[in-house]
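Reviewing the structure listed below.
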Amino acid sequence: METYTTDDALTAMGFGKFQALVLVYAGTGWLADSMELMLLSFVGPLIRQQWNVSAQHESLLSSVVFTGMLIGACSWGYISDKYGRRTALLFSIILTTGAGFLSALSPNYTFLLVFRFLVGLGVGGTHVFSSWFLEFVPTKNRGTWMIVFSVFWTVGTILEASLAWVVLSRLSWRWLLAFTAVPCFLLLLLFIIAPESPRYLCVQNRLSDATVVLERVAKANKVSLPPGVLTYHKETQLVGLDQNPISQNGHLPVRENDCTVDNAMSSKSGGIEALRILFSRKLLRSTLLIWFVWFANAFAYYGLVLLSSQLSDANRRCTSGQKSEVRQKNVNLYKDVFITSLAEFPGLVISAIIVDWLGRKATMWILLFGCCAFLGPLAVHQKESLTTALLFGARACGMGSSTVLCLYAPEVYPTSARSTGVGIASAIGRIGGIICPIIAVGMLRSCHQMEAILVFELVLGVAGVACILFPLETKGREMK
């Protein structure tokens, strides 16, 4: 009897109308994530002014969001692998939407902190969107479509800056919080049309349900499924490195045992089993390196956003001997965020061009070293125009590297541990987001510009070396 796998079906059907709809839905979740993060740049000063909170309490608003995201990233990854992608997406969307709207109604600062923590907890699950989307995409050109998916993040940052520009000049910060929650509310309304991942269903040996989803894809794309019956490689055993080392093309060899509809057995998945896979001898090296590179990318990305506004101010204060803080008008803040966000588009274009040509590993280390090269001259004071140009290039490289990492990590892990693996890595990245203000703001405000830039150089340089040391190249590799 003829059989076919999920990869065979997706390759035969290609990227069509169905995947385009999945892209828009998952991309909207990515957009909502970026909007909630960019929101922090605008509401903090307004909250401080209205409720007379201290600067330390103002910074706490960002800290509680990142803390929630750190916890949520791990939690939603576990839920996704244990109970399904749709389950994790549904409850994370509900939490983000509800807490987002409640934030706008906060009667005092304490309630606002609680609701923003819950928003962070919900937003921590947005990494599931990327795993869910990739599990519908054929192996061919998967890198390019992940780059397209990442465009939604950049659109979200620009949209939030534009929204703040319009809303805060006419209405209060409460309206900005409410409008920012609208994309997640739209996802909730349209959730009924979001299908479960056929790869996840196969891992659970729900092959009949997986076949129904694939038939739905085929119908939408106006193509036919391959002849035969859907089969699933029940357990993908990574061959021990001592028995069969990394192959010449950089792929880790695998042994596969077929499991058809007739002989499907219950498979283990979820928390303990997923962690066992992540820390197995075969994946331990990849897991630890991915954690550090994710930390470095988050550290660099959020740091570069802060550097865009802090470097010029530091140059003025430190070179003139003035220690007083120069307060910029709101319109300049919106303009700066808008312009620096545009730098992400060249990074996405460059990574899209080379990711399926040079591979994931090479693309990441090239962009990370490129980011180091752009930041290097900023160790000393530069003219404002040159500073802007160098930060533009650094942020483009940083965005490109982060995007390829979001593609690489899900390709490394098998379906049964994919969301848990990416979730923990995302949580490690949130730690980088929490730490970077100490460097980007604290050291610059104390006129230690050279030391701040050297820290960024060190973190990015080590991350580039880590990418070279990745044991797997996943270009063209089927997702198991």
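Note that Cβ sites are derived from N, Cα and C of the backbone, with glycine treated the same way.
TrEMBL annotations: computationally assigned, not manually curated.
Owing to the predicted nature of the structure, the values given are computational and were not obtained by experimental measurement.
If you look at the transmembrane segment (20-47), the same-chain residues 6 or more away from its ends with a CB under 8 A from one of its CBs are 53, 58-59, 61-62, 65, 89, 93, 96, 100, 109, 112, 119-120, 123, 126, 129-130, 132-133, 136, 145, 148-157, 159-161, 163-164, 168, 172-173, 176-177, 180, 183-184, 186-187, 190, 193-195, 220, 305, 333-334, 337. Positions annotated as transmembrane segment by TrEMBL: 20-47 (among others).
Mean pLDDT of the predicted structure over the domain 'Major facilitator superfamily (MFS) profile' (22-475): 78. According to TrEMBL, the domain 'Major facilitator superfamily (MFS) profile' annotation covers 22-475.
Feature annotation from TrEMBL assigns transmembrane segment to 59-79 (among others). Panel annotation: around the transmembrane segment (59-79), residues 36-37, 40, 43-44, 47, 87-88, 91-92, 112-113, 116-125, 127-128, 270-271, 274, 419-424, 426-427, 429-431, 433-434, 437 of the same chain, lying at least six beyond its termini, place a Cβ under 8 Å from a Cβ of the stretch.
Annotation source TrEMBL lists transmembrane segment at 88-105 (among others). Sequence-distant contacts of the transmembrane segment (88-105) (same chain, at least 6 residues past either end, Cβ-Cβ under 8 Å): 29, 32, 36, 72, 76-77, 79-80, 112, 115-116, 118-119, 121-126, 128-129, 132, 174-175, 177-178, 180-181, 184-185, 187-188, 191, 194, 419.
The feature transmembrane segment is assigned by TrEMBL to 111-134 (among others).
Residues 23, 26-28, 30-35, 38-39, 42, 130, 133-134, 137, 175-176, 179-180, 183, 331, 334, 337-338, 341-342, 344-345, 348, 351-352, 355, 399, 402-404, 406-407 of the same chain lie 6 or more positions beyond the ends of the transmembrane segment (146-167) yet place their CB under 8 Å from a CB of it. What TrEMBL records for 146-167 (among others) is transmembrane segment.
Long-range Cβ contacts of the transmembrane segment (173-194) within its own chain (Cβ-Cβ under 8 Å, at least 6 residues beyond either end) map to 21-22, 25, 28-29, 31-32, 35-36, 39, 42-43, 46-47, 50, 86, 89-90, 93-94, 96-97, 100-101, 103-105, 122, 156, 160, 163-164, 167. Sequence annotations record features per position, and here TrEMBL assigns transmembrane segment to 173-194 (among others).
Annotated transmembrane segment per TrEMBL: 288-307 (among others), in sequence order.
Summarising the annotation, TrEMBL assigns transmembrane segment to 337-355 (among others).
Sequence annotations record features per position, and here TrEMBL assigns transmembrane segment to 362-380 (among others).
A Cβ distance under 8 Å defines the sequence-distant neighbours of the transmembrane segment (386-409), meaning residues of its chain 6+ beyond its ends; these are 127, 130, 134, 142-143, 146-147, 150, 154, 290, 293-294, 297-298, 300-301, 304-305, 307-308, 311-312, 315, 339-340, 343-348, 350-351, 355, 360-361, 363-364, 367-368, 370-371, 374-375, 377-378, 421-422, 425, 470, 474. According to TrEMBL, the feature transmembrane segment maps to 386-409 (among others).
Beyond its flanks by at least six residues, the transmembrane segment (421-440) meets 59, 62-63, 66-67, 69-71, 73-78, 80, 124, 127-128, 130-131, 274, 277-278, 287, 290-292, 294-303, 306-307, 310, 409-410, 412-413, 452, 455-456 of its own chain at Cβ-Cβ distances under 8 Å. Residues or ranges marked as transmembrane segment in TrEMBL: 421-440 (among others).
Taken from TrEMBL, the feature transmembrane segment covers 452-472 (among others).
Of the candidate ranges 111-134, 288-307, 337-355, 337-355 has the most C-beta pairs within less than 8 angstroms of the transmembrane segment (362-380).
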